[in-house]
Every structure is written in structure tokens, then in C-alpha cells.
Amino acid sequence: MDPAGEIQKVASMRRGGSGSMWRRGDDVFSRSSRDEDDEEALRWAALERLPTHDRVRRAIVPLGLGDEAAAKGVVDVDVLSLGPPERRALLERLVRVADEDNERFLLKLKERVDRVGIDMPTIEVRFQNLDAEAEVRVGSSGLPSVLNSVVNTLEEAANALHILPSTKQTMPVLHDVSGIIKPRRMTLLLGPPGSGKTTLLLALAGRLDKDLKVKGKVTYNGHEMSEFVPERTAAYISQHDLHIGEMTVRETLAFSARCQGVGDRFDMLTELSRREKAANIKPDADIDAFMKARQEANVVTDYILKILGLDICADTMVGDEMLRGISGGQRKRVTTVSLRTVDYKTSEFRRNKALIKELSQAAPGSNDLHFPSKYSQSSFTQLMACLWKQNLSYWRNPPYNTVRFFFTTIIALLLGTIFWDLGGKVKTSQDLFNAMGSMYSAVLFIGIMNCTSVQPVVAVERTVFYRERAAGMYSAFPYAMGQVVIELPYALVQAILYGVIVYSMIGFEWTAAKFFWYLFFGYFTLLYFTFYGMMAVGLTPNYHIAAIVSSAFYAIWNLFSGFIIPRPKVPIWWRWYCYICPVAWTLYGLVVSQFGDNATPMDDGTLVMHFVEDYFDFKHSWLGWVATIVVAFTVLFASLFGFAIMKFNFQKR
């Protein structure tokens, strides 16, 4: 049965039999109002006859605002398919002025739920005899310097081997702290700098650093931290406003909504609808429509934008140090994305004895805090959300795209003019060295450029990732997978653009197989350089250290690539590194795919293919294995990036 069709059928039957045209004059003036009321009543009656699953998806809403709504009447709609104009009209009717109307709106929500006896879940947080201590260095050894860094690292290694005793001193951060945070209350935490406010908040959110020594107990409705997932119940909001600057305010909130999901709203709505039907209660139409529409993330986003005063900048980019965006106050509201409306009827001056007495009593009836997972959404949903965000971030980052595609073209044209038409000259061994030099240069220049350009972008996004993962929005795997997958099409476009220009200007042989192999090795070389740069960022505390580590490996890869020194001439005790050098395998594949089957005799009578095999130890029959190894390096670096993101956390709280 079609729910919408059934409701329309009942309403139309009522209008068709509305009575004779011969009525008294006063009936003529009041007939329209009565018909509209009767029509709305019939629509409600038809809605009540629907199965519960369909009933929680459909609502009776007016068409328009104010007088316009009275003129146009009402209509039943699928609330999950409301468009932007309909969502805005609904919110305007409920919360026209956020500061004035939102409290009345929330009271209406509460009254509807209370009327049928549904108890909304509440949480009471208790912390008792909480102690936290940190081992720190004091004096000159605690100053951040290169010398201290080296000395302290060596000392920690000696401490681990029990060679030297530790010189660190214990510093108390929290001492015997106890208290209760009541449900539906705002608790103000005050204290001077360095008094342990942040440490207490992190302890309550279950996010204390593992290096701290903690004693005492923190419970949520009587459950200790080990018995549930704190990230699904509490959130710690850092003082740092970390966002993707290229995303708008609306997109930032929408991404959060996609990751968080709707929780148990559907189950609550189902029970609410069932009880109202049993009690023959007709809810307020707009309240009913909003509560049902909250199953759709966009409605929640529009509501939060409205009540936080962010609707005026909803389509403005958040911005960062390099991109102009919203103001500092607006950015802070985007960070918190929390309701300002709270119950201020706190009891903020309780005597210490009374607090101790209450702490000695058992917690009130506890709600079930069990969640099957730390995250609200499935891994696939998280991945789709991360891909959506990454795509927006990449396309709206002009400096990043300019560096990649503009300089890709410039470097391709530069190399093409330097090695103009050298690819087809194979008369002497020097001709082969020149052609090989063009391949070597092409690989190294574009690969290093990709590696260095991706590192600052990933470093910034990793900082945002730490905050969002700590908030329970998504896990490390979808984020890392999203970063890897989003690079695939970008690198493909880059490889085709670069390969076509260089291949044609250098003058390599135009056959489908040879051109394919050139693009193949060029594409996967771009990928493994990119993923190597991302891996270096993932394994190091910041972008600067990652750049230093990457530069060191550039030199090593350059030395063992097989171009400066052919592999057979490398000393035997270093030759093993040639087999684990990815650039060496790329050069192997490029040279063999172009010249490994070339039977053209050179000036000295040696065939090109024999010279390549004898001098470089490159065999054309191994081309498939070479391609597999290059792909394996790509997968390896991408996997190590994912491993680093999952295992290491360099976030500064």
C-alpha cells in the first residue's frame, strides 16, 4: 500500500462530498476554514492508520509560512525527502528567532515526550578521590633543545635497560579530587593556569595520557570507564579550533552529522508514535514533523546552524591561516557545535560534607551505556563520509592543485626540451645512456615533487583527524583509506598529462604496448612517492621532521637507482639495497619495456637488447615481475601510512 496515495484518497473523498452549494451566507464565509480543519483531521486519521514504520516517516505540514500557509492548506510528506526550502520553512515556523523561540520549542519537545511517559536517558558523572601524577624533567634538562633531545633519548634508553636510574621527578597534577556532575546541569570549572583543569576534563572524558599515573574512580551512572565506550557518551572539546579550511560551515557540520548518525532516534520515535496512537493523542504538526525529520542529517545541520547563529555564514568557508574564512567566534562555535540551551537551575554551592555523604551513596538507577562499537556508523559509511570530505578539501585547495598540475606540465615541458628526440637514437651506448637519463630524470623530479607537495597537506589534515577520531566520529582505517583512494584519480590524471608530453617530446617508440608500460610505471611511481610522503608524515611528529627523513631517503634512492652506478658494479655488500630500492625497479621497468626487446644493432654490432641485459642486468622476460614489485611498493607505503595513523598519536592536547 502506498502511504501517500492512501492519505490523498481519503482527503479527496472528503472534499468531493462537502455538501450543497445552497447554504446561508455566514456558512459561505466559514466554510473554507471548516473544510481546511476537516481536511487536516482526515489526513491525521489516514496517517494514524499507517503501519508504524511508515508513520514515523510521514508528517502533516503546512505549505508556506504565516498567511501563505493558511491560504495553501496542509499536505502530508515524506519527511526524509524534504528539500532545502521545506526544511527552512519548517525551522522558521518553529524557531524564527533563536534566542527567543528555541526555549519554547525545546519545552514543546519535552512536553510531547513527557505526555506519553517516555523517560529520556540521563547521565550522572561521579569522580572520587581522583589523583594524577606525571614524571617530568626539571631544570635545564627540561628545556627544548637539540642537545637535551639527544641526551634525554639516550638516558631513557639507559633507563629501559636498567643501566641508569631515572632523573625525572614526580609532579602531582590532581590530588584527591571528588565531585558529582548532575544530569541536565551546567557545571562551571574554574581555576588558575596550571591547576589541572584540562587534566580533570580529560579524565572525565576518558582521554588521559597513558604516561600519567592515575588513581581514583570515574563512573557514568555507576559504570566505570572499562565497562562502556566513553567516546559515545562524552566529548572533550579542545581549545584549538582545528578544521579543514576549504570546507564551508554547513559542510563541516554535515560531515559531522554523517559520521555521528541519528543514534536511537528512530527507536524512540517508533515508541512515541505507538504510545500516542494508543492514547489517541494528536501531536503538534510542526513538532511532529521536526522530530521525524531529525532522522535526516541535513535537518539537524540546519537546526544547529540556526540556534548557534551560524546560518548567516553557513555557506562560507571555515578558512585557516592561508585562507580567509569565518571569524574567530564563529569558528569556536563550529568547534563546539553544542546547544547553548541548558538547565541553569543548579543547586553551582554544596557543602563539602554533603558532597562526601552523597558520594558514599550508590548512583541512581543507571541507564544502559553499552554500545556495540566505539563509532556510530559502519566502516563503509565512515569511508564514504571521509571520501566526500577529502574530495571537497582537494578541489578547494588551489595552491595544492596548482603545484601538482601546473608544475607537472612545466617539468614535463622542461624535460622534453632537454632530452628532445633522444628516445629513438640507439646507435651507440651513449645514446642509450642519454635515453635512460631522460627516464631517470622524469621519475625522480616528478616523484619528489609529489612527495614534498602532499606532506604539508596531510600534516594539517592529520591534526584535524586526531580531534575528530577522539570525538568518536570515525576510526583511523576509513580516514587512511580515504586519503589513499582520493589520490588514485589525481595521480592518474597527473601521470597521463606528464607521460603524454614527455613521451612524445623525447621521441620514444609509439606502440601501444610501450606507451602503456611507460604510463603504467609512471603512474605507480607517482603513487608510491605520494604514499611515501604520507607515510613519512604518519610516522613523525610534524611536517618538518617528515621532510628531513624524506630527503635522506631521496639521496639513498638516487644512489642505488642503477643509473649512477649500474647494479652489477655496486659492491656486493651493498647490492642488496638495490633490490629494496623502489626507484631502481621503476627504472628497470622503463628501460626494459622500451629497449629490452629491441633487436637493432648498434655501431659496434651489439644488439640493443643484449647491451641492456649485459650492462645493466635487465631482462625483458622479467617485465611482469618488475611491474608486480612496483605495485607492491605502492601497496606497502600506503599500508604503512595506514598503520602509522592507527598506531601513533602525535596530538598536543
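The backbone N, Cα and C atoms fix where each Cβ goes, glycine too.
Remember, predicted model here, so these are calculated numbers, not experimental data.
If you check TrEMBL, you get these features:
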type	residues	note
REGION	1-38	region 'Disordered'
COMPBIAS	23-34	compositional bias 'Basic and acidic residues'
DOMAIN	183-417	domain 'AAA+ ATPase'
TRANSMEM	403-420	transmembrane segment
TRANSMEM	432-449	transmembrane segment
TRANSMEM	488-508	transmembrane segment
TRANSMEM	515-537	transmembrane segment
TRANSMEM	543-564	transmembrane segment
TRANSMEM	576-596	transmembrane segment
TRANSMEM	622-646	transmembrane segment
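At the 8 Å Cβ cutoff, the transmembrane segment (515-537) and the transmembrane segment (432-449) share at least 3 close pairs (sequence separation 6 or more) and count as touching. Within the chain carrying the transmembrane segment (432-449), a Cβ under 8 angstroms from the stretch's Cβ atoms is held by residues 403-404, 407-408, 411-412, 415, 418-419, 422-423, 425-426, 494, 498, 502, 506, 508, 521-522, 525-526, 528-529, 554, 558, 561, 563, 583, 586-587, 590-591, 594-595, 608, 611-612, all 6 or more beyond its ends. Remote same-chain partners of the transmembrane segment (622-646), defined as residues 6 or more beyond its termini with a Cβ less than 8 Å from a stretch Cβ, comprise 462, 465, 476-477, 479-481, 483-484, 517, 520-521, 524-525, 527-528, 531-532, 534-535, 538-539, 582, 585-586, 588-589, 592-593, 596. Proximity of distant same-chain residues to the transmembrane segment (543-564), defined by a Cβ-Cβ separation under 8 Å and at least 6 residues beyond the stretch ends, is recorded for 436-437, 440, 444, 448, 451-452, 455-456, 459, 532-533, 536-537, 570, 574, 577-578, 581-584, 587-588, 616.
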